[in-house]
Amino acid sequence: MSRSDYPPGYEESGGPLYGGNYPQPPAYGFPGYGGPHPGQPSAPYPTDPNTPLYSGQPGGYPGGPYPGQPYHGGPPGAGYPTPPPMPPMMPPTIPSDVLSSGDGFAARGSGWDSVSVRHAFIRKVYLVLASQLMVTTAIVSVFTFVEPVGKYVRDNPALYWVSYAVYFITHIVLVCCSERILLILNLRIIFQTLALSYMTGTIASFYDTKVVFLAMAITAVVCICVTVFCFQTKVDFTKCQGLFCVLGIVVFVTGIISAIVLSFKYVLWLHMLYAALGTIVFTLFLAYHTQLLIGNRKYSISEDEYVFAALSLYVDIIQIFLFLLQIIGAARK
């Protein structure tokens, strides 16, 4: 075995490679054994991610990660479990039954504040209703007790039709007006109360005084019983809007047929049937509007619509009185 077959010694390894004039390879950042350690770099760490950390590292995009280590935008590394996906965030919603009910009281929530607001609303409605009924009672009493006044309104039916036109126009204005202006509401309730009171007084002037007061007494009893029943019962009349619509159409059609038939003196008892049907239907309407006023049902009237609520109850009461007046007056004849 020759000398060249043995590996070079320690001293020879520091020189040129054996058998050639190749330069010594540079160190890879680590000093040799026993050599001095280089100092720390004085320059701060670069903030640009594309800046090389060492002078020997080329610029541009950073190198790939070590094997088995995950990186942003790539697949998870070996040995790292896949994180579970985040559940979708559901926005807060209002229950569908509250949105579809149109119930202003239910949408404002429950509690003592809502109850106190509803009680104040009920008191306001019944105060307005009491004022309307007092005006109507006074006008009916004058037309009934004062004979010259009763004779004048009976001899001038044109005023009756004028009052009917005023009532109809003011009713259409309130229904079609989207904005509830306080001045318009006050004028409307005044004109409609006076017009309906005049019509009621004119009709009452054709009947005997005893018949008029008997109809008033029965109407008062019916209204009190219906109101107490609506405050105590758990039956919800506000769900029967379709039924009340059909009943209103039936009463309207029956009234037209009765007017045509009675004009030819046929079926004289038909007006009694029409009056009985109207009394029952408008008693149910009174219960329906009372529950809309009370609230705590599927549907209710907003606290801002006190004029509409008072007029609804007022019209129901007047219609019940007129139908009872027709029934009692025909029975006494």
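We count from 1, first residue shown onward.
Each Cβ is built from the backbone N, Cα and C atoms, and glycine gets one as well.
Model, not experiment: these values are computed from the prediction.
So that you can see what the record holds, here are the features copied from TrEMBL:
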COMPBIAS  38-49  compositional bias 'Pro residues'
COMPBIAS  81-93  compositional bias 'Pro residues'
REGION    1-93  region 'Disordered'
TRANSMEM  125-146  transmembrane segment
TRANSMEM  158-177  transmembrane segment
TRANSMEM  189-207  transmembrane segment
TRANSMEM  213-231  transmembrane segment
TRANSMEM  243-267  transmembrane segment
TRANSMEM  273-294  transmembrane segment
TRANSMEM  306-328  transmembrane segment
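Each of 125-146, 158-177, 243-267, 273-294 was scored by its Cβ pairs under 8 Å to the transmembrane segment (213-231), and the highest score goes to 273-294. Within its own chain, the transmembrane segment (273-294) is flanked in space by residues 118, 121-122, 125, 222-223, 226-227, 229-231, 236-238, 240, 244, 247-248, 250-251, 254-255, 258, 300-301, 309, 312-313, 316-317, 319-320, 323-324, 326-327, 330, which lie at least six positions past its ends and keep a Cβ under 8 Å from the stretch. Counting residues 6+ beyond its ends, the transmembrane segment (243-267) has Cβ neighbours under 8 Å at 273-274, 277-278, 281-282, 284-285, 288 in the same chain.
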